[in-house]
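Trainee: The following block contains the structure, expressed as structure tokens.
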Amino acid sequence: MVFRSPLDLYSSHFLLPNFADSHHCSLLLASSGGGSGASGGGGGAGGGGGGNRAGGGGAGGAGGGSGGGGSRAPPEELSMFQLPTLNFSPEQVASVCETLEETGDIERLGRFLWSLPVAPGACEAINKHESILRARAVVAFHTGNFRDLYHILENHKFTKESHGKLQAMWLEAHYQEAEKLRGRPLGPVDKYRVRKKFPLPRTIWDGEQKTHCFKERTRSLLREWYLQDPYPNPSKKRELAQATGLTPTQVGNWFKNRRQRDRAAAAKNRLQHQAIGPSGMRSLAEPGCPTHGSAESPSTAASPTTSVSSLTERADTGTSILSVTSSDSECDV
């Protein structure tokens with residue numbers, strides 16, 4: 001379906017009708033504002049044709065005056081020859097807006113909203129329709145007219161079904177303004193500050209705090225896949241996204257964060273082993289301490305070597321607990 005300006009729906013004869021009745025033709029010229037003088041001059045010429053030139057001129061002037069005064073028609077007659085309008089109902093306009101918004105044709109959607117003729121009295125109903133308001137917000141966002149976008153979002157209450165898209169546009173618009181002001185891309189901390197400075201208006205937010213933590217079932221499924229393959233390819237990310245209800249980007253961020261946590265835990269574990277190793281060697285070198293061989297025998301369970309090994313086990317246990325705890329708190333993905 002091709003949408004064009006409503007003016008394209010009318011041929012040129014609608015603009016300049018070829019009426020056989022000269023009276024209707026004069027009414028059309030009068031409605032344009034420039035035909036009264038011509039029709040008056042014609043009446044003057046007709047009235048002064050039988051006299052002399054002076055009398056003819058006078059009659060022409062009188063005829064011109066009478067012609068100029070008589071060419072005006074009542075408003076109800078002039079309304080017949082004004083530019084025709086399309087009697088679109090608010091529901092029809094909303095349906096077109098929804099279709100263009102879903103197809104992503106923002107340019108055509110903007111032209112449709114700009115050149116839309118409506119029936120008298122329908123403007124108020126159209127301005128209250130959510131689909132039309134959302135379409136205007138989308139056009140304002142994509143054209144960079146953020147002031148109009150903020151005005152629409154702050155002054156009209158939207159249903160929960162529209163909150164997600166409108167919230168994303170609100171935040172992205174403020175991000176772009178902040179980037180333009182600072183002259184550089186925003187980092188995570190910068191975006192956090194922008195969100196704090198420009199909170200979501202209650203017209204597109206139900207007041208509930210949005211949590212960035214995943215549910216336990218989602219985390220469990222992600223851990224299972226992580227143990228099988230810490231580096232999933234894009235197809236596996238899409239498959240896992242469908243299984244968990246997340247987006248492929250969220251899945252990729254979770255795997256990336258989990259790998260970083262595991263690397264940090266492994267590095268901390270190595271540092272603890274390096275710190276425990278020299279102290280254990282010094283304790284073995286002291287007089288009166290059993291040899292390393294006797295430390296491995298069952299009869300030396302209470303030896304200093306055993307205490308060092310138990311300390312190592314406790315350190316390893318603490319590291320593993322720390323690793324699991326930090327890896328399982330998948331927030332801010």
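Keep in mind that glycine also has a Cβ here, set from the backbone N, Cα and C atoms.
Note that the structure is predicted; figures quoted are calculated from it, not measured.
Just lifted these from Swiss-Prot, have a look:
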DNA_BIND  207-266  DNA-binding region
COMPBIAS  57-71  compositional bias 'Gly residues'
COMPBIAS  294-310  compositional bias 'Low complexity'
COMPBIAS  317-333  compositional bias 'Polar residues'
REGION    57-76  region 'Disordered'
REGION    73-120  region 'Interaction with TLE5'
REGION    233-252  region 'Disordered'
REGION    259-333  region 'Disordered'
Trainee: In this predicted model, what is the average pLDDT of the region 'Interaction with TLE5' (73-120)?
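Mentor: Taking every residue of the region 'Interaction with TLE5' (73-120) together, the mean pLDDT is 74.
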Trainee: Could you count the residues of the region 'Disordered' (233-252) that DSSP puts in helix, in strand and in coil?
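Mentor: In the region 'Disordered' (233-252), the DSSP-based counts are 16 helix, 0 strand, 4 coil.
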